[in-house]
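What TrEMBL says about this protein:
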{"type": "DOMAIN", "residues": "53-125", "note": "domain 'PA'"}
{"type": "TRANSMEM", "residues": "153-176", "note": "transmembrane segment"}
{"type": "TRANSMEM", "residues": "197-222", "note": "transmembrane segment"}
{"type": "TRANSMEM", "residues": "228-250", "note": "transmembrane segment"}
{"type": "TRANSMEM", "residues": "271-288", "note": "transmembrane segment"}
{"type": "TRANSMEM", "residues": "294-311", "note": "transmembrane segment"}
{"type": "TRANSMEM", "residues": "323-343", "note": "transmembrane segment"}
{"type": "TRANSMEM", "residues": "384-404", "note": "transmembrane segment"}
{"type": "TRANSMEM", "residues": "416-439", "note": "transmembrane segment"}
{"type": "TRANSMEM", "residues": "445-462", "note": "transmembrane segment"}
Amino acid sequence: VTADEGILHASGDHVPPVTKDYCIIYNSNWISLPKSLDNATFRALENLTSTVLCNSSEAPSGLMKDKAVVVMRGNCTFLEKARIAQSLGAKMLLIASKPRLSPISDNKTDFEDVTIPVALIRYNDIVDMQLTLGNEVNVTLYSPPLPEFDCSMVVIFLIAVFTVALGGYWSGVAELENLKAIASPGQRETRRKKEENVTFTPVTVILFVVICCVMLVLLYFFYKWLVYVIIAVFCLASAMSLYNCLAALIGEIPFGQCRIACCNKSIEVRLIFLALFCIAAAVVWAVFRNEDRWAWILQDILGVAFCLNFIKTLKMPNFKSCVILLGLLLLYDVFFVFITPFITKNGASIMVEVAAGPFGNSEKLPVVIRVPRLDYSASTLCDLPFSLLGFGDIIVPGLLVAYCRRFDVQTSSSSVYYISCTIAYAIGMVLTFIVLALMKMGQPALLYLVPCTLITSALIAWKRKEMKKFWKGSNYQV
């Protein structure tokens with residue numbers, strides 16, 4: 001978000017008067033705009049988009065006196081146009097641009113005598129202004145400050161806490177089923193093999209963190225090719241995850257269980273339709289992923305399903321593995337956000353660059369929960385900025401919450417670990433948003449989430465005198 005985005009407030013000649021706001025780009029080094037409409041001065045708008053105003057002879061004599069003038073972008077500089085407009089009596093200059101709006105820059109020292117406001121506006125907005133407000137329009141410019149807090153953070157908070165809580169609960173349900181199944185000798189070996197495929201050991205935790213580091217560095221240097229690999233992997237993984245989540249819900253419904261025989265197996269018809277639906281959802285997102293107005297909703301749904309399935313499927317065997325995983329990923333997060341700016345040539349964080357798409361790449365990695373900023377400002381009027389939360393900031397603490405839930409099930413401890421860790425995660429998210437608002441820069445959320453969840457879980461185990469059992473997990477009994 002740049003500080004040089006502002007608002008053009010236009011009022012028409014209808015009764016009652018109709019008003020509408022439009023995006024403008026201005027240079028704050030040239031002129032300072034009012035922060036609210038209370039201090040703004042309205043001017044009658046004179047539409048001269050038939051000229052580029054590179055020569056004073058192009059404008060009719062006396063037509064600009066005490067007015068806001070809009071002309072087309074042309075071969076001469078912005079300040080040359082402003083000097084001509086000011087000499088003809090104009091009080092404000094708007095320059096209509098058909099290409100995308102870009103920051104206004106010029107050598108102001110050569111035009112110290114220019115004092116009128118100069119702003120860039122979309123040509124389509126000028127056309128819309130005439131169609132919506134009529135031919136007699138009064139306009140003014142102002143630039144309200146960005147809000148310290150945006151309501152999109154509340155939505156992000158609710159999504160994150162819901163996903164972590166539900167993922168942990170689902171993992172506990174699966175653990176309860178496993179404990180029931182272990183009583184059957186015929187299912188014991190099958191259960192043991194299944195757990196070996198999904199359990200993180202300290203060695204696999206370290207390997208996982210190393211892979212994360214290598215992948216992030218590769219993305220930084222080869223982003224324009226690897227981004228499509230990540231998009232393809234996300235489509236496949238999110239479709240499978242959405243199927244697993246919805247299949248678990250459908251399995252609780254006792255209706256529509258008709259089956260068909262295929263390859264010596266019996267398959268429920270409703271699960272076939274569910275699989276087709278999940279594949280279609282992933283394909284639709286892949287095709288329309290750059291439609292910012294609505295594609296973020298589908299990405300968030302697929303992302304939540306991915307996080308839920310990840311938290312439920314990957315199991316931490318004990319608190320020791322949780323400490324290693326969360327501790328290493330905390331260092332990983334801090335290093336790539338705060339330390340790498342001292343290493344990179346452009347002084348940018350590798351983590352932030354990859355998340356935003358380095359070197360101006362239009363394709364974005366689908367590894368975040370995205371919610372458009374909801375509070376009205378010049379930024380939301382000019383573009384559609386998003387509040388972001390990475391999947392890792394949900395999954396990594398979520399694995400600890402899931403372990404706490406499974407430990408509650410194993411020890412019949414009335415969900416005290418699970419509830420405490422979930423509350424600690426919510427507190428960590430609030431702390432992240434507070435620091436984000438104060439520092440006005442992207443934050444590694446794990447810096448606040450990891451201490452909150454780990455310390456809370458350890459304190460509960462110490463208070464209940466179960467630290468040894470909590471530290472070693474199910475192996476403690478052996």
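Note: Cβ is positioned from N, Cα and C throughout, glycine not excepted.
Whatever TrEMBL says is automated annotation, not expert-curated.
Same-chain residues lying 6 or more positions outside the transmembrane segment (228-250) and placing a CB less than 8 Å from one of its CB atoms are 170, 219, 270-271, 274-275, 278-279, 281-283, 285-286, 289, 301-303, 305-306, 308-310, 312, 363, 365-367. With pairs at least 6 apart in sequence, the transmembrane segment (416-439) and the transmembrane segment (323-343) have fewer than 3 Cβ pairs within the 8 Å limit; the two do not touch. Confidence over the domain 'PA' (53-125), given as mean pLDDT on the 0 to 100 scale, stands at 86. Here the transmembrane segment (153-176) lies next to the transmembrane segment (294-311) in space: the count of CB pairs under 8 Å, restricted to residues six or more apart, reaches at least 3. Secondary structure counts, DSSP: the domain 'PA' (53-125) has 20 helix, 16 strand, 37 coil.
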